[in-house]
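Visitor: This structure is in structure tokens; I'll ask about it shortly.
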């Protein structure tokens, strides 16, 4: 069945977003691993966010393309494809929330921050938030799904009504995941509250920091620390803002689908495709924000990209083994001895002794003055005796 032009364009854009998402976020993970200056608890949470975005490019976007085709498969396989992106979305939300709390502690209690937020605690929080993200994203497997409706009407897959016994369903997101789950549980329960909390936290961060900077008795060191924390919080707040802008249109369409069933039947497919593309584009934004706003990330990105391109264009030759210590020592002694040799030592038997004169094989004293190194004299002796 040939694809419509709209579907082909949608898939091409999805594949482009997938490639950019994987490349950019792998670069983020590599930068944190390569630079000790970037190995901080805050950046551990950003790596967790980058891992979720890499998974969006590798799995969620291909799954979304597959679901958009509406192929026939068993119900639970289709449900997994639909729910996997919910796991990644929830992990991203929790990672952003953890970053916001981390930045708030850095500004609110700067003297106790390093003792409160350690690398081990950050890794423990990351493990916990991923477990929670899987639990929330896979909740439809516990029964909150549309199995009864999907399996009760499977005529689209070449079978008649099965009264709940049909095994193959047409795999579309809305066929397996109910809208009341997406609106009440996913959006109003698990997405919107963390977003509101993050916006409140960043507003509090800037308010507290600005108030403390206005204190005249603040020491220069403390003032510098606060200014640095404000500078670090700005790109993180931008990331939260981009996340909201990219995901709210899709959730708005879900709300309209639930509360206005008549509109749901007539909603244009292009609007849904644009909303889905916008949500996936969020996975591409974060590395760009890091490169634009963070000097350490920008420098590390440049170093990694430069070395990768240099290695790809000009592969390094395999290094030869250095000479043995005894051989190197003997060579140095030989060159030193030859360098101290008088010119007469290099004259063949039967030839006049002394330094070569004008008209012999040396044309001038200018050339003679160039031949002073031990290695050159050794070659000269070999040439004279040959």
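Count begins at 1; order follows the chain as displayed.
Using N, Cα and C of the backbone, Cβ positions are placed for all residues, glycine too.
What TrEMBL lists as transmembrane segment is 12-32, 44-67, 79-101, 122-142, 183-210, 231-250, 270-292. What TrEMBL records for 24-290 is domain 'G-protein coupled receptors family 1 profile'.
In the displayed structure, how are the listed features positioned relative to their neighbours?
Guide: With a threshold of 8 Å between CB atoms, the same-chain residues lying at least 6 positions outside the transmembrane segment (12-32) that come near it are 38-39, 43-44, 46-47, 50-51, 53-54, 56-58, 61-62, 64-65, 277, 280-281, 283-284, 286-288, 290, 297, 300-301, 304-305.
Sequence-distant neighbours of the transmembrane segment (44-67) (same chain, 6+ residues past either end, Cβ-Cβ under 8 Å): 11, 14-15, 17-22, 24-26, 28-29, 32, 78, 81-82, 84-85, 88, 91-92, 95-96, 98-99, 102, 119, 122-123, 125-126, 129-130, 171-173, 276, 280, 282-284, 286-287, 290.
Listed by sequence, the residues of this chain that lie at least six past the ends of the transmembrane segment (79-101) yet keep a Cβ under 8 A from its Cβ atoms are 42, 45-46, 48-49, 52-53, 55-56, 59-60, 63-64, 66-67, 122, 125-126, 129-130, 132-134, 136-138, 140-141, 145, 147, 171, 173, 176-177, 186, 190-191, 194-195, 197-198, 201-202, 236, 239-240, 243, 247, 279, 282.
Counting residues 6+ beyond its ends, the transmembrane segment (183-210) has Cβ neighbours under 8 Å at 86, 89-90, 93-94, 96-97, 100-101, 103-104, 107-108, 136, 139, 144, 226, 229-230, 233, 236-237, 240, 243-244, 247, 251, 254-255, 258 in the same chain.
Long-range contacts of the transmembrane segment (270-292) within the same chain: residues 6, 10, 13-14, 17-18, 20-21, 24-25, 27-28, 46, 49-50, 52-53, 56-57, 60-61, 64, 68, 89, 92, 235, 238-239, 242-243, 245-247, 249-250, 252-253, 298, 301, each at least 6 residues beyond the stretch ends and with a Cβ under 8 Å from a Cβ of the stretch.
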